[in-house]
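Trainee: Quick paste of what TrEMBL says about this protein:
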DOMAIN    349-434  domain 'Wax synthase'
TRANSMEM  66-86  transmembrane segment
TRANSMEM  93-110  transmembrane segment
TRANSMEM  122-139  transmembrane segment
TRANSMEM  309-341  transmembrane segment
TRANSMEM  373-391  transmembrane segment
TRANSMEM  403-423  transmembrane segment
TRANSMEM  435-458  transmembrane segment
TRANSMEM  470-487  transmembrane segment
Amino acid sequence: MDPTGAADYPNMTGDEQWDWSDYDMEAYADLYPQHNYAEMSYARALYTFFVWETWMSVRQIFTRELLHPVLLYALSVGCIAAALNVRERYRAAWVAASVAIGAAIVEYVARTDFVYVVKDSLVRLVVIHNLGAVVMILWERFCLTDEQKALPWGRRAVATYKIMWNSRFVNTARPAPVFHLLKADEERQREVLRTAVEEDKVVSRDGNTASIGNPDDNDGYLKNAWKTIRQVTRRAWGRVRHPFSRLWNALTPKQRWIVRTVVKIAVVWTLDRVLDQLTDVYIDFDWWDIQLHKTSFLRRLRDVSAREVVIRCYFAFQAVWGAYAFYTIVHSAIAVFFVGLGVDEPDEWPPVFGDVREAWNLRRFWSKYWDRLIYRAVNGLGEMLLTAVGLGGPRPFRGRKRWLLNGLVFAISGVFHGFTDYFSGIRCSYVWEFWWWAANFVAVVGETALLHAVRTYFPRFHHRMSGRPGKAVGFLWVFAWLFWAYPKSQFTTMHCLPENR
């Protein structure tokens, strides 16, 4: 291959890219020096990695062609806003108009040459918003009240916004189950504070006891030295943090929330970029690592190499981290924007994800950790379907109906993700996407049945394993499930990615 054609590298097929010689790659590095970190100073490398490459990605995403679907989406939002404000008999027509516009957006996006991340984000946004409108307006009848309709236009518009974008039904009678996560976090913080106070008391008591004992006792010297180090460290830290504490105390609670959220965005984004770079340097997986025959693991256990185990561990980690990083950054950035404008309050933007430390089995992984962005909409659609076939009843559903609804929620999630993948350009793996979500429900059912059997027939063993040992086993089980199941869908998906991924 002629190295002068290095500038065409991004437009080449996979086989042409793999057919390059070392000289070809050197020519490519000369044309694109921002990737040649070894030749840069530390400052330039950091700037290139965190700023320049991010800016280039943003330029690739936000193009002029994006204006058309954005304008259509604004029209769809207007239809939903109208449905929230009109009489009940007109709501279905406005919702149908929004759904029709959403279908036009999906059709337009599917035949354009947007990069995959833009297609996927647009399709998901349109589907989630319209699905939420159907459930919220037509099923839950969650619209503006007569009192809100009597407000001045400005306040009425704010009320419309708060309902229209409230996919988790925050501050309503039926919020998505996330607030128990906040309460649990508050309890943990109080427990940490109580533990710290008790430790201080113990250290103080030990110090006093050591001073009374034999001065030649080595244990007493160690305790006195540790006490002195703690006191010196505390005083030094107090002097250093004093000006920052004064500045922090001068902020209002809302301003403190904004600062904490901005710091969280920066930390998560930095970690995500660093992890991507470490993966490229130390793992550097290629197409051979994700060949389709490697979706099977247990049946070819004797042929599995150590590198394949590492690759699967990486995919299991990304199953948790990838979604957390993306949705946390986007959700937090939007929250800072609207809270900063004064339109919303911080409590109207609860965290997207729960505490991963609570996910010590698969059921808790999905119920206490995973995001709740579309839970209420998907759950409502499941209730609508069950009611349509005569299996409805008083809400919330209980017992067997609850399990049936949970299975339907996982199935709808699989259809939703497969649908978005298909119209985003991934045309050959949507069945595996559905398999992933359905398999999780089957695993949750099996896990629950096993735990019930252990609790019933082996109560002593269950009691002994209910503490830290049981949680450790549970975390290993969750990781093992992700290690085995997640690559089955992702390996296939990566082979189906469009060229402009």
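Think of each number as a place in line: the chain as shown, counted from 1.
Note that Cβ sites are derived from N, Cα and C of the backbone, with glycine treated the same way.
Unlike curated records, TrEMBL annotations are generated automatically.
Just so it is clear, the model here is predicted, and its values are computed rather than measured.
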Trainee: Under a Cβ pair cut-off of under 8 Å, which of the recorded stretches 309-341, 373-391, 403-423, 435-458 contacts the transmembrane segment (122-139) most often?
Mentor: 373-391
Trainee: Six or more residues out from either end of the transmembrane segment (309-341), which same-chain residues have a Cβ under 8 Å from its Cβ atoms?
Mentor: 254, 257-258, 261-262, 264-265, 268-269, 271-272, 275, 279, 283, 285, 289-290, 297, 349, 351-353, 356, 371, 373, 479, 482-484, 486-487, 490
Trainee: When only pairs 6 or more apart in sequence are counted, do the transmembrane segment (373-391) and the transmembrane segment (66-86) reach 3 or more Cβ pairs under 8 Å?
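Mentor: Answer no, regions not in contact.
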Trainee: Any residues 6+ beyond the ends of the transmembrane segment (470-487) with a Cβ under 8 Å from its own?
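Mentor: For the transmembrane segment (470-487), the far contacts come to 290, 294-295, 297-298, 311-313, 315-316, 319-320, 359-362, 364-365, 436, 439-440, 443, 447.
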Trainee: So what's the mean pLDDT when you look at the domain 'Wax synthase' (349-434)?
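Mentor: Across the domain 'Wax synthase' (349-434), the average pLDDT comes out at 87.
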Trainee: Is it possible to list how many residues within the domain 'Wax synthase' (349-434) are helical, extended or coil according to DSSP?
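Mentor: So the domain 'Wax synthase' (349-434) is made up of 55 helix, 0 strand, 31 coil.
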